[in-house]
Amino acid sequence: MVQRLTEFDTIAAISTPLGEGGISIVRVSGEDAVAIVNRLFKGKDLEKVPSHTINYGHIVDPATGQVIDEVMASVMLAPKTFTKEDIVEINCHGGIVVTNDILQLLLANGARMADPGEFTKRAFVNGRIDLTQAESVMDIIRAKTDKARQVAVKQLSGGLLTEIRALRQEILDVLANVEVNIDYPEYDEEEVTAQKLLACAEAVSGKIDRLLETAQEGQILRNGLKTAIVGRPNVGKSSLLNYLTQSDKAIVTDVAGTTRDTLEEFVSVKGVPLELIDTAGIHHTEDQVEKIGVERSKKAIAQADLILLLLDGSQELTEEDRQLLELTAGKKRIIVLNKTDLGQKLTAAEIAKESGSEVISTSIMMKENLDELEALIKKLFFKGIENSNDQVLVTNQRQAGLLAKAKQQLADVASGLEAGMPVDLVQIDFTGAWESLGEITGDSAPDELINDLFSQFCLGK
């Protein structure tokens with residue numbers, strides 16, 4: 001478990017993306033944050049200003065007296081800050097040179113360059129947030145839809161933390177009772193204690209199940225669905241990509257083989273984030289460039305969470321169509337019967353019967369039934385959970401894996417009791433479940449896990 005400490009060196013980093021813009025923010029956190037910035041700041045004495053104030057002045061190189069930039073310095077004193085340390089944020093003009101010059105001056109005057117995610121790590125170590133809230137910080141930054149942002153904000157406010165700590169408390173209450181009975185066996189009725197253990201294990205396991213039921217939806221909102229748009233050449237793949245992205249990223253022509261590679265784009269479809277991959281048409285070709293595109297398309301199909309398979313409804317099924325139906329069998333897919341405006345030689349009913357998949361008839365060029373296609377994508381992966389703003393979702397594999405581990409440990413408790421094992425032996429798995437749940441929030445997480453998690457954060461956060 002990571003020790004709760006407040007004695008760190010002072011760190012600095014640029015918190016805004018590098019490049020030209022209105023402003024850049026350089027963040028400084030630590031015991032000497034105010035003193036270090038004050039050495040460079042010409043204006044009010046920052047060591048005497050009230051907390052949570054914004055102060056106008058200039059950053060000046062103390063070695064040369066050169067003015068670097070006109071800035072606003074926000075002073076926030078511990079403990080009412082993100083890291084629970086003293087923080088100064090320097091708002092300077094946006095630009096690579098000026099921002100880096102200010103950072104280098106801070107480093108030359110006593111600050112250390114922050115590691116990726118170190119500000120958030122300090123917030124965790126100092127007890128400001130738990131691990132689920134730390135993860136939600138990056139989820140907010142990376143959110144690709146409004147719903148993903150809402151879920152991340154809910155988690156940042158402690159939604160999952162509250163649920164997990166309540167489960168741990170249920171286990172702890174029973175563990176305390178077991179410990180007393182082990183210490184004072186003359187007062188123990190082992191059958192009664194075993195019944196309490198079993199009842200608690202079943203109750204907590206049921207609540208874990210309800211959380212795990214949200215894991216698919218939560219991880220889709222967080223990571224998006226890899227969605228491959230496939231079909232033989234010139235059936236409308238690029239037209240569908242352009243409709244969903246509202247762009248002309250893919251070249252649309254009547255020439256087969258126009259898309260020679262895979263094109264990727266992130267879009268929100270009814271609140272579901274899709275990583276759309278427009279694949280090259282899969283067909284026999286002697287063109288070496290097209291061959292590479294076809295192989296990449298097959299790889300994209302293998303890795304996809306969802307397949308949008310386009311067929312030309314104005315023509316009979318070709319051998320290439322049948323190969324694609326076979327290649328995508330077993331994957332979650334929607335068959336899009338395109339070009340209904342040209343007359344139909346294929347019907348949705350017969351394709352659905354032959355393929356066992358959902359089928360939508362449409363004319364992408366005429367924008368017919370495309371809203372129904374979007375609704376079907378949402379229906380395939382969501383069960384109404386995403387419509388509730390109050391629902392707590394499990395949003396990543398780490399959380400889901402630890403919940404599953406705790407559930408298995410509780411199942412071992414139940415099977416052990418049913419097999420007649422002594423309570424003090426069964427208690428080991430019961431304590432294990434309590435610790436597994438604690439790893440989710442960081443209450444009992446090993447240092448290696450903590451360091452690995454925060455290393456994935458961006459610099460300056």
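Note that Cβ sites are derived from N, Cα and C of the backbone, with glycine treated the same way.
Annotation comment: Swiss-Prot describes R27, E89, R128, K461 as (6S)-5-formyl-5,6,7,8-tetrahydrofolate binding site. Summarising the annotation, Swiss-Prot assigns GTP binding site to 234-239, 253-259, 278-281 and lists sequence analysis as the type of evidence. According to Swiss-Prot, the K(+) binding site annotation covers N234, T253, V255, T258, on the basis of sequence analysis. According to Swiss-Prot, the Mg(2+) binding site annotation covers S238, T259, on the basis of sequence analysis. Residues annotated as domain 'TrmE-type G' in Swiss-Prot: 224-382.
Location within the structure of each feature annotated in Swiss-Prot.
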| residue | record | CB count, 10 Å |
| --- | --- | --- |
| R27 | (6S)-5-formyl-5,6,7,8-tetrahydrofolate binding site | 24 |
| E89 | (6S)-5-formyl-5,6,7,8-tetrahydrofolate binding site | 20 |
| R128 | (6S)-5-formyl-5,6,7,8-tetrahydrofolate binding site | 18 |
| N234 | GTP binding site | 20 |
| K237 | GTP binding site | 31 |
| S238 | Mg(2+) binding site | 22 |
| K461 | (6S)-5-formyl-5,6,7,8-tetrahydrofolate binding site | 20 |
Average the per-residue pLDDT over the domain 'TrmE-type G' (224-382) and send me the rounded value.
80
Can you give me the Cα-Cα distance between N234 (GTP binding site) and R27 ((6S)-5-formyl-5,6,7,8-tetrahydrofolate binding site) in Å, rounded to a whole number?
52
Going by C-alpha distance, which of the binding-site residues R27, E89, R128, K461 is nearest to K237 (GTP binding site)?
K461
By Cα-Cα distance, the member of binding-site residues R27, E89, R128, K461 nearest S238 (Mg(2+) binding site):
K461
